[in-house]
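Right, one structure below, let's go through it.
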Amino acid sequence: MSWLFGIKGSKGEGTGPPLPLPPVQPGGEGSGDGGAGDRPGPKDKWSNFDPTGLERAAKAARELEHSRHAKEALSLAQMQEQTLQLEHQAKLKEYEAAVEQLKGDQIRVQAEERRKTLSEETRQHQARAQYQDKLARQRYEDQLKQQQLLNEENLRKQEESVQKQEALRRATVEREMELRHKNEMLRVEAEARARAKAERENADIIREQIRLKAAEHRQTILESIRTAGTLFGEGFRAFVTDWDKVTATVAGLTLLAVGIYSAKNATSVAGRYIEARLGKPSLVRETSRITVLEALRHPIQVSRRLLSKPQDALEGVVLSPSLEARVRDIAIATRNTKKNKSLYRNVLMYGPPGTGKTLFAKKLALHSGMDYAIMTGGDVAPMGRDGVTAMHKVFDWASTSRRGLLLFVDEADAFLRKRATEKISEDLRATLNAFLHRTGQHSSKFMLVLASNQPEQFDWAINDRIDEMVSFELPQREERERLVRMYFDKYVLKPATEGKQRLKLAQFDYGKKCSEIAQLTEGMSGREISQLAVAWQAMAYASEDGVLTEAMMDARVQDAIQQHRQKMQWLKAEGSQPPTLRTQAE
C-alpha cells in the first residue's frame, strides 16, 4: 500500500514493516560545557509527535492488502484519482477562463486608457490651437496698434507739415501786406505833399472860387424869399378881397371841428354802451351770461346753455337736513320771484371755507333760470381810484340782464369792512360807498349774494342790506359719508367703468371703505374731501399698473388727515379760532 503514502516501489516488491520511529527522550542530553545541566536544552522536533494515527493507517493498509477486495479498492482509488484529475482540469479551465477574462479586462482597460489618452491629446490639441489662436489675435491686435500708432504718427507729421506751411504762408502774406502798407503810406504821403504844394500854389485861385460860390448862393436864397413873399402876399390879398371864399373856409373849419368832437364823443358813448350790454366788467371773474364774443367762439356750448332746462338747486350739493330745507326754500322763493318779476332779496352765506357756498350760488342761479356772475372782494382794493368806476360798471352791466342776474361776491369781507374801526384807504372807502349806493334798494334785475368766512367784519350798513343770513357749517358724519360716496363715484368709479382712461379699481368693499373714511375725516370740509378723491385718482394714474388699491386709499387718507391737523395748528398759531370750534360756539 505504498500508494497510500505516496511512495512508489518496484513492481512485485512487497511492502515491509513500517520504519521504526525514534524514541522520545523526555530529558536533555548529558552535561556539556558552560554548565549545560543548569538550563534546558533544545527540544527534538519529534518530541510532540503522536504515532497513533500512523499506526492505525499502517494497520488498515495491511488489512486492505491481504483483503480480497484489494482490487476494488485499487479501482476505487484510481477512480478517485481520475476524479481529482478531472477536478484539477476543471479548475485549470476555470483558471484559464479567469486568465482570459483578465486579459479581456486588461484589453478593456487599455482601450479605456487609450480613449482617455486620445481625449486628453484632443483637449491638449484644442488648448494648443486656442492658445495659438489667442497668440495670433494678440499678434494681430499688436499689428493693428502698431499700424494705428504709425498712422497717428504720419498724421501728426502731416499736421505739423501743414502747420509749418500755413505759418510760412501766413508770414509771407503778412510780409506782403506790410510791404503793400509801406508802399501805400509812401504813396499817400507823396500825394499829400503834392496836394499841399498845389494848394499853396493855387491858394489865391481857390479863395476866389469860394467867394464867387458864396455870393451866388446868397443871391439865390434872397431871390427865393422875395418870390415866395410876393406869391403869398398876392394870394392872401386875393383871398381877403373875396368874401365868398372867406365865408366858405370858416364854415368848413367849423364843420370839421364839430365832426371830430362829435365822432370822439359818439365813439366813447357807443363803447360804453357796448361794454355795458355785450362786454364783461373787469371785476367779474366768472359768469354764465352769454356775450357776443363767447357766442362766436363757442356756438355749440352757447346753444346747449340756451336750450338747457332749470336744474335742481341742490343737485350735487350735500348739506345737513335743516340747512338743506332752508336753502331749498330760498331757491323756490327766488324762482317764484323771477316768474312774478318781483324784487329779489339779498342773501349772506357765511361759514368755513369749502362748505359749498359758491357751488350753491351757481346752482341757485341755474335753478331760478337766472345768469350768475362771480366777483371776489380781493380784486377791488388793487384797482385804487378806478374801483368806483369799476363798481358802477358791474351794477350797470347787471341791470342790463334780461333773465336776471345773481351777483355773487366771494370773500366780501375783503372790501366791505367797517369804516369806523378798520384802517382802509380813501379809494377803498369810496368804492364801499359806491357799493352801498347801488345796493340801497332792492332790484328786480339782480340778486346780491355775499359770501364770507368772517361776517363780523362787515360794515353795519352792509348788515342792514342783508335780507337772509344762511350759515354753512362743516359736514357731519352723515354728510361726510354722502360726500365721500359722491366724489368716489365721480372721480374713481365712473372713470374706471365708463371712460377710456388708464384707471382700474381693486376688489374690496367700497361702501364699507367709504363709511370708514367718513368716520376718519372728521372736521374736514367738502372741498377737502373732493381734493382727497382727486388725490385717489392721481395715485391710480401714477402707479405702474393703474390700479387703485385699498392700501393706497388708506395712505392718502392718512396724509389728508395729517395735512388738516397741520392747517389747524397754523390757524391756532395765528390766534384764530378753528372752524369746528367757531361753529360750535355759534
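Going from the start of the chain as shown, residues are counted 1 onward.
Note: Cβ is positioned from N, Cα and C throughout, glycine not excepted.
Quantities reported herein were computed from a predicted structural model and do not represent experimental measurements.
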Original post:
If you check Swiss-Prot, which stretch out of 209-224, 289-304, 321-336 is marked region 'S100B-binding'?
Top reply: 289-304
**OP:** Report, as numbers and ranges, which residues of the same chain sit near the transmembrane segment (246-262): CB under 8 Å and 6 or more residues beyond its ends.
**Re:** 239-240
**OP:** Look at the binding-site residues P353, G354 and tell me which residue has the greatest number of other C-beta atoms within 10 angstroms of its C-beta.
**Re:** G354
**OP:** Using all protein chains shown, find which of the recorded positions K357, K490, K494, K512 scores highest when you count other CB atoms within 10 A of its CB.
**Re:** K357
Subject >> Pairwise Cα distance for P352 (ATP binding site)/K490 (N6-succinyllysine) [Å, integer] >> reply: 24
Original post:
Excluding G351, P352, P353, G354, T355, G356, K357, T358, which residues of the same chain place their Cβ within 8 Å of the centroid of the Cβ atoms of the recorded ATP site?
Top reply: A451, N453, F472, S525, G526, R527
Original post:
Which whole-number mean pLDDT does the model give the coiled coil (55-218)?
Top reply: 88
